[in-house]
Structure formats: structure tokens, C-alpha cells
């Protein structure tokens, strides 16, 4: 299915005019949405639990409240807390304070699509999902453009939900560079698949496997790190800028020939079948339930996975090598530390 890119000129209704907006959560996405909307002339308050994020929101000049108080005051409530805590936050502090005609928004469809959160039928449910981390959403807005976004409507109680979604996307700067309409189902399942099979899970597993093959064959770990991890950014940047074509035009003929000959030997039809199994677990809710149940149990699986990952040899080798490369990791100031 082909979708049409939309821009600021396509946002016909200033649906957020006169609305009080509550951004719930002040982390990576929360600070970016809130600051961009404020700079776009919107009336924004913050709802967040006491702690560092609460203090940071006040320091950044926002009227800051508890989640319950912010919900009571607002017409439009955007929930930007981490996926795993949204259900309990919604049930305890947001749901009791919603009114008919309110709009509730999300930047990811996880809790709505898998029905961990059920919003009353007289409340709009929309989505604005920028395709980039919060610090990039903020930085590009300040530079005069933005990050593309997906928007969707799950529930249109007032007849105005799509206008709210599009105007929100405009307010955070996304409509400057392009909007794509989607559904909660499509955004949620595709986003999770991309993260698990390619961008995060697939990529890190591929890098680690390559590192192990080289070191087990007797090659120096430091050299293996450069070959399978450090140079990854250089290749990905070329693909990002101009697709596979630009990457292949930029590498040597030797590398290009090896790409065609050996790539299919690594990513086989069996790997594709494994990817289909990953997608199936996303579609049928197995992954979502496993993730939420692990959180409710105190995160034993996630904690174990993190400990295992931290002890990988490639991580230890990389940490030492990066000390000699002060230019690595200096591209986006310290926004990650501030808002995470």
C-alpha cells in the first residue's frame, strides 16, 4: 500500500488553538514534544511523578504538576512515559480524571494496540510518532526543520481527532519535513519488528557473531572490533544518505563483490523464516505480554539480559578503544544524560 507524504500546508485546522496540553512524562520524547509545542505557541503543562524529571521540567520553565493534576487541567493529554509503566500510570492517575471530549495521545501504539490501556468511548485517541529520538526531535526543530513523523487515529469521539493529531505533528516540527498517516496496528507491529529483527536485536547479534568468528579464529579482538563494529556507522551513514546504491558506489569493487557473493550466505532463507517467527510473536501479542509480565515481576529477565550483554568481550574491548577516540559520541551534547 502506498501512502502519501503530507506537510505543513496539509494541516488545515489549528485544532490545538485554545487547548491546554498536558505532556505526561519528561524524558527523551517528553521534553522534546513539550518544548517544541511551547515554542510553537501552544499552552503546555507537564505531568510527572516527583523526581529528577519533575525538577528538570520546572527548571526548563514549565508549570509542572502531578500526573493526576495535569490530566484534570488539560484538554489534550499526551502520554510519553515508558511503555511498561503507562498502564498503571493511566489506571491510577489519568483515567479517573478524564472528561468526555478530551483527547489522549501516544508516540507509540503499544499499550492501545495490545489493549493494556482502554480509553472511554467519549475520548479521542490519536498518535504522533516522530521517527527519531527525543534529542533529535528537539535539535532539528531548533535548527528550523524537524524529524518526520507518523500519525494515526484509534478513536474519534469528537470528529476532530485527526486534526488534533496533525496539528500536534505540526507543533513538534514534523510537518516541516513530512507526515505519514498510519494505524495503531501498523505502527506498533512494524516498529517492534524493526527494533527486534533489524535495528537493535538483529544488528547487535550480527555484530557479536562476526566478532566471535574473528576472535575464535585467532584474530586480535581490537582489530575485530574495528572491522565489525566501528566501521558500521560509516556504512550505515552512506545507506541513510543514499540507499544501498550510494553505499555500493562509495566502497571498493572488492567490497561490493563480496557484498553480493557473501551477504546471502549470512542472511539466508532460514534467517528470513526466523524473522517471520519474530513478527508472528509480535502480531499475536506474545512479545508484549512477555515484556509486561517481566516488568510486573520486577524485570528479572531484562536485568539478566543486561548483565549478560555488559559482560560481552566486544563491549569491554570497545570501551577501551573509545578512550583513544574522544570524537566518538560527542555529536549530541549530553541530552541523553539529562533526559534519560
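Any Cβ shown, glycine's included, is placed from N, Cα and C.
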Task: Figure out which of 105, 109, 132, 134 sits with 26, 27, 28, 29, 49, 53, 83, 84, 85, 86 in the NADP(+) site per Swiss-Prot.
output: 134
Field: Least surrounded among the recorded positions, given as 49, 108, when other CB atoms within 10 Å are counted
entry: 49
Message: Rounded to a whole angstrom, what is the C-alpha distance between residue 134 (NADP(+) binding site) and residue 108 (active site)?
response: 13
CB within-chain contacts under 8 A for residue 85 (NADP(+) binding site), separation at least 6: 295
Query: Counting all other Cβ atoms within 10 Å across every protein chain shown, which of the binding-site residues 191, 195 scores highest?
result: 191
Query: Among the binding-site residues listed here, 28, 252, whose Cβ has the fewest other Cβ atoms inside 10 Å?
result: 252
Task: Between the Cα atoms of residue 83 (NADP(+) binding site) and residue 108 (active site), find the distance and write it as a whole number of Å.
output: 8
Field: Candidate with the highest Cβ count within 10 Å, taken from the binding-site residues 134, 231
entry: 134
